[in-house]
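Feature annotation from TrEMBL assigns region 'Disordered' to 1-25. Under the heading compositional bias 'Low complexity', TrEMBL lists 7-20. Annotation comment: TrEMBL describes 46-65, 72-94, 114-134, 141-161, 196-222, 243-260, 272-292, 299-317, 323-342 as transmembrane segment.
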Amino acid sequence: MGPEVDTPAASTAPAPARTAPRARSRALRSAGASLRSLLRTRETSIIGALLVSILAASLIVEGFATGRNAGFLILDVTAIALIALPMTLVVITGEIDLSVASTLGLTSAVMGQLWVAGLPLELIVPLCLVLGSLLGALNGVLVTVAGLPSLAVTIGSMAMYRGLAYVVLGDRAVADFPFSWTGGATARLPGTDIPWIAVLIAVLAAVFGAVLHATPVGRALYAVGNNAEATRFSGISVRWTKLWLFVLSGTVAAGAGVFWTLQYGSARADNAFALELSVVAAVLLGGVSIFGGRGALPGVLAGVLLLGVIRNALMLADVSSDVLDIVTGLLLVASVVVPTTLARVRERRPRAAPPS
């Protein structure tokens with residue numbers, strides 16, 4: 001055998017001068033792909049639309065870009081923002097709750113009637129929350145136990161709850177609530193024009209967001225929305241999951257009813273009439289799929305604010321309320337039609353051949 005020849009170590013090691021540019025190139029391509037993917041998400045699109053709307057309204061509409069108006073805008077969207085939090089979870093599971101505004105109205109009517117009867121607000125408020133839970137539970141039982149479609153169930157309960165509100169209070173308005181409660185509902189943070197309720201919304205949004213995006217519960221909700229049958233076989237109780245979401249939706253809607261009554265200082269059976277359209281529009285605009293299984297809470301919050309900015313700017317411009325309703329309806333239709341159309345276009349687009 002001939003003598004062994006040692007192979008130089010340098011001949012087997014990669015050349016730093018060659019690998020460094022390749023690594024940088026791969027990193028740049030990866031970053032570019034991630035950026036393009038981010039820009040294509042509906043959540044990013046709606047946040048961009050929100051920023052553009054704020055900028056345009058600030059430049060065009062007199063009185064929009066003031067701290068005082070910002071405070072009024074936050075108060076104006078408070079009920080929508082509160083109700084949109086549980087509504088997001090409900091829609092992600094493939095269901096919907098159209099009775100939320102009527103739940104709010106019935107809660108307001110009961111609150112006014114109990115106040116007239118002489119009960120203290122310290123007792124009335126928790127009773128109203130219990131009422132909202134029961135109303136939500138009724139929806140949930142009809143959907144999960146009776147197996148009825150949530151759209152039909154909540155359209156029916158929407159009419160029933162609103163009718164009950166008129167039975168409880170009629171056309172009267174109860175407006176003699178103590179200022180310590182009504183003034184507290186619209187109080188601002190010290191030294192600012194920001195209502196304190198904005199802090200509560202931020203805290204609740206953080207809690208809902210953490211549950212939805214960072215816990216097994218949130219993953220289960222997406223799984224239910226994507227494929228309820230497969231999720232059921234994995235050991236998750238689809239029935240109980242949906243039932244508790246309807247209970248949560250009713251409870252939060254009742255809480256929004258209490259706040260609405262104190263904010264405007266008036267308990268009426270027609271409070272928040274048709275507000276469910278704004279809630280659903282905000283949720284769908286924010287990127288939540290009407291078919292379930294997809295959506296993120298930041299997009300929903302951006303959708304709430306976008307609706308609020310548009311409505312606030314139009315009101316400052318002395319546009320009639322009928323036009324505001326038309327705009328809300330158009331946004332609701334667009335939030336369903338646009339993503340469906342884009343999805344069909346992507347499906348028909350020919351895919352690039354894999355690299356050889």
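The backbone N, Cα and C atoms fix where each Cβ goes, glycine too.
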Contacting positions for the transmembrane segment (72-94) when only residues 6+ beyond its ends and CB under 8 Å are counted: 100, 104, 150, 186, 194-195, 197-198, 201, 204-205, 208, 212, 221-222, 224-225, 228, 241-242, 245-246, 248-249, 252-253, 255-256, 259-260, 263, 272, 275, 278-280, 282-284, 286, 288-295, 297, 300-301, 303-305, 307-309, 311-312
Range from 46-65, 272-292, 323-342 with most C-beta pairs under 8 A to the transmembrane segment (299-317): 46-65
Leading contact stretch, 46-65, 114-134, 272-292, 323-342 vs the transmembrane segment (243-260) - CB distance under 8 Å: 114-134
Chain residues in Cβ proximity to the transmembrane segment (272-292) (below 8 Å; excluding those fewer than six residues from its ends, i.e. six or more beyond): 41-43, 46, 79-80, 83-84, 87-88, 91-96, 98-102, 104-105, 108, 158, 162, 224-226, 256-257, 260, 298-304, 306-307, 325, 328-329, 331-332, 334-336, 339
